[in-house]
Amino acid sequence: MGIKHLYQLIQEHSPDAIKTGEIKNQFGRKVAIDASMSIYSFLIAVRSDGQQLMSETGETTSHLMGLFYRTLRMVDNGIKPLYVFDGAPPKLKSGELAKRFQRKSEAHAAAEEAKETGTAEDVEKFSRRTVRVTREHNEECRRLLKLMGIPFIIAPTEAEAQCATLARGGKVYAAASEDMDTLTFNTPILLRHLTFSEQRKEPILEIHLDKVLEGLEMEREQPQFIDLCILLGCDYLDPIKGIGPSTALKLIRDHKTLEGVVAHIQSDQKKLTLPEDWPFADARQLFLEPDVCPADAPECDFKWEAPDIEGLVKFLVEEKHFNEDRVRNGAAKLQKNMKSAQQSRLEGFFKPVERTPEEKASLKRKADEKLSEKKKKQKEEAKAKKQAKSKPRTAG
């Protein structure tokens, strides 16, 4: 689910944080991809009759089809993908997962009814809601990635947190996920829409956390941004009814921390009421110190290798009944691209030099002066406008 309305807030307050571009702009970059989110998106790409892609024997193959061809597309555009799978969910998330399972059970019953009485739109809508990524889906995807020579890791808990750790540790350029809580886990750069199909013609969104914080007037070192995300609504806690994005931002700006916000709500319960059990400090700690594999651990020493073409044919063609020509052509292309992947973009050769504290202070001072000058000018313009209005008109 991620963080409710966070993207909307970023669009309003930090538009400079979002860059849009084509997939080819990511050439030469290593990217950590939230595998579970990607697999889910492949599974919900149902056909017009509400059914997923299946083999001749009735097995679902949407996840394998999506993973194989989207990965080929990324490698074809010079990207080095690595996939991160979810581990066990944190205890706080179990309540949210139970609710999701209940919603899917209800949606499954509604989908069956829609097939009998509903429109095509009803069938598709409810079919999407019943989709669940299973252990078997994950195992098959990991088997496919191994045969393709694409590295992967199973996170101790949340895939998004592990992706963020790898990006922060310099193992990859960015974390790729549709879940906005990847930013809450402190990834410097988040890529969205990277695993979308080419037919959707959606641009790749590149969101820079430092610019997000700048627009929201928050510091990276303080947990204000995390507190804002929890208040907006995250996977760990029930949302507070009546708090939308604008209210959440105002509350955090006025009261600085969730402790301050909670005290304010408890002092006047006529307007807002906290859920009965709302352990926000535990949720904050999960974002601040998630259970992850450190970026410098041996498990995070990733290698991209040549694909096992015959192994791919055996798995995808013989077992899953994919078209052999398409699989062989894709595997040959993958092999060729892996060989030429040594060519890297300039960022790999020229590491950015860290600014000195004096340079940082100078830049901040200049930015503050610029802002002060802008406010002064606006004030003078407003004053002149007011004076012009108050002047009596002379008779012509």
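Here, residue 1 is simply the first one shown, and the rest follow in order.
Note: Cβ is positioned from N, Cα and C throughout, glycine not excepted.
Under the heading region 'N-domain', Swiss-Prot lists 1-104.
Feature annotation from Swiss-Prot assigns Mg(2+) 1 binding site to Asp34, Asp86, Glu158, Glu160. Cβ neighbours of Asp86 (Mg(2+) 1 binding site) (same chain, under 8 Å, six or more residues apart in sequence): Ala35, Ser36, Ile154, Ala155, Thr157, Glu158, Ala159.
Summarising the annotation, Swiss-Prot assigns DNA binding site to Arg47, Arg70, Glu158, Gly233, Asp235 and lists sequence analysis as the type of evidence. In the structure as shown, the Cβ atom of Arg70 (DNA binding site) sits within 10 Å of 20 other Cβ atoms.
DSSP states for the region 'I-domain' (122-255), grouped as helix (H, G, I), strand (E, B) and coil, give 67 helix, 15 strand, 52 coil. Per Swiss-Prot, the feature region 'I-domain' maps to 122-255.
Feature annotation from Swiss-Prot assigns Mg(2+) 2 binding site to Asp179, Asp181, Asp235; the stated evidence is sequence analysis.
Feature annotation from Swiss-Prot assigns region 'Disordered' to 338-396.
Under the heading compositional bias 'Basic and acidic residues', Swiss-Prot lists 352-384.
The annotation compositional bias 'Basic residues' is assigned in Swiss-Prot to 385-396.
The distance from the Cα of Arg70 (DNA binding site) to the Cα of Asp34 (Mg(2+) 1 binding site) comes to 13 Å. The Cβ of Asp235 (DNA binding site) has 21 other Cβ atoms within 10 Å, all protein chains considered. Listed in sequence order, the residues of the same chain lying 6 or more apart from Glu160 (Mg(2+) 1 binding site) and placing their CB within less than 8 Å of its CB are Asp34, Met37, Ala175, Ser177, Asp179, Asp181, Thr182, Phe185. The average per-residue pLDDT of the prediction over the region 'I-domain' (122-255) is 91, rounded to a whole number. Around the Cβ of Gly233 (DNA binding site), the same chain contributes Ile3, Lys4, His5, Pro239, each under 8 angstroms and 6 or more positions distant in sequence.
In this structure, of the binding-site residues Asp34, Glu158, Asp179, the smallest number of CB atoms within 10 A of the CB marks Asp179. In sequence order, Ser36, Met37, Val84, Ala155, Thr157, Ala159, Ala161, Gln162, Cys163, Ser177, Asp179, Thr182 are the residues of the same chain, not among Asp34, Asp86, Glu158, Glu160, whose CB sits within 8 A of the CB centroid for the Mg(2+) 1 site.
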